[in-house]
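Enquirer: Input: one structure, supplied below.
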Amino acid sequence: MEEVESIHKPVMLKEVIHYLNLSPGKIVVDATLGLGGHSSEILRELRGEGLLIGIDRDEEVLKLARERLSKIAGNFVLFNTTYDNLQNILKELNLSFIDAILFDLGFSSFHIEKSGRGFSFMRPEEPLDMRYSKDTALTAADILNTFSESELSNLFWEYGEEPLSKKLAKKIVERRKDKKFAYVGDLLEVIDEVIPRRRRHEATKVFQALRIAVNDELNIFKRALEQVPFILSIGGRIVVITYHSLEDRIVKNFFKSYSDKILPVSKKVIKPSIEEIKENRRARSAKLRVGERRENS
């Protein structure tokens, strides 16, 4: 368990706990449970009262989180599903409302360092999988080997905002005629041909685009957000941590669309401290937004 805690440092933990406005007896959802970094502290704040509901689509991660949370006194229940099933989960628990919900988007350090599923361009030997759940139909390799040139180009532009998306898509289609994509290294060979080495870090955008497409991340997130105003109790809080502009745009649009029900608690986006960024590189691109369920107007 010490290894799990060393792998995963929860981003903006102090800010999350503060803005969730926790107290004993509340019902709290961690929609992106991961390895339970945030949830561990949430459970402590509930002090044996109330309920923590944790959701994660990755069965392997959920198992590790369960082990971690079981060492803390408190009530929790975990669900191995996508977080757009919020209303169904509450129905199963005979609950109508919750008091707080957290979304910490993206993927965890575990997925990069321990999953062996090809989430990072730093692991050329890993298979091009990128699925959070084995129930997901398509792998990253499937997409690279079957999508048309225009579909690939649109994917890299829409989900990765990659300026060389057309050139990259063309090269991928050419390459797969001779050799199918199977490993991270196969994709890196093409990226090296298309994206200048001074922009090597830009491979991140390509991997981001594939990960989002494989797991349908943005659509699932939108569907989940649309349920929040109807399950959050009056005065309840929603806290969202995003890591790139596509996610953040969805959150901003959500607050705008539901301004009659959700009131931003902070007008400005909240960012991690310089100290945290030094200690945890994953926090460097994090943006936290928080809203509160208002009285029905």
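The backbone N, Cα and C atoms fix where each Cβ goes, glycine too.
Annotations for this protein, taken from Swiss-Prot, read as follows:
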- Gly36, Gly37, His38, Asp56, Leu90, Asp104, His111: S-adenosyl-L-methionine binding site (BINDING)
Enquirer: Give the number of CB atoms, excluding that of Leu90 (S-adenosyl-L-methionine binding site) itself, located within 10 Å of its CB.
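Expert: 18, counting other Cβ atoms within 10 Å of Leu90 (S-adenosyl-L-methionine binding site).
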Enquirer: Please compare the binding-site residues Gly36, Gly37 by how many other CB atoms fall within 10 Å of each one's CB, and tell me which has the fewest.
Expert: Gly37
Enquirer: List every residue in the same chain as His111 (S-adenosyl-L-methionine binding site), at least 6 positions away in sequence, whose Cβ is under 8 Å from its Cβ.
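Expert: Set apart from His111 (S-adenosyl-L-methionine binding site) by at least 6 residues yet with Cβ under 8 Å, we have Asp58, Arg117, Phe119, Tyr132.
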Enquirer: According to DSSP, which kind of secondary structure is Gly37 (S-adenosyl-L-methionine binding site) found in, if we only use helix, strand and coil?
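Expert: Going by the DSSP assignment, Gly37 (S-adenosyl-L-methionine binding site) falls within a helical segment, counted as helix.
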Enquirer: DSSP on His111 (S-adenosyl-L-methionine binding site), three-state: which is it?
Expert: helix
Enquirer: So how many other Cβ atoms are close to Asp104 (S-adenosyl-L-methionine binding site), meaning within 10 Å of its Cβ?
Expert: 24
Enquirer: Translate the DSSP assignment of Asp104 (S-adenosyl-L-methionine binding site) into the three-state scheme.
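Expert: In three-state terms, Asp104 (S-adenosyl-L-methionine binding site) counts as strand.
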Enquirer: By a simple count, how many Cβ atoms lie within 10 Å of the Cβ of His38 (S-adenosyl-L-methionine binding site), its own Cβ left out?
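Expert: Taking every protein chain into account, the count is 26.
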Enquirer: Starting from the Cβ of Asp56 (S-adenosyl-L-methionine binding site), draw a 10 Å sphere and report how many other Cβ atoms land inside it.
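Expert: Taking all protein chains shown, Asp56 (S-adenosyl-L-methionine binding site) has 29 Cβ neighbours within 10 Å.
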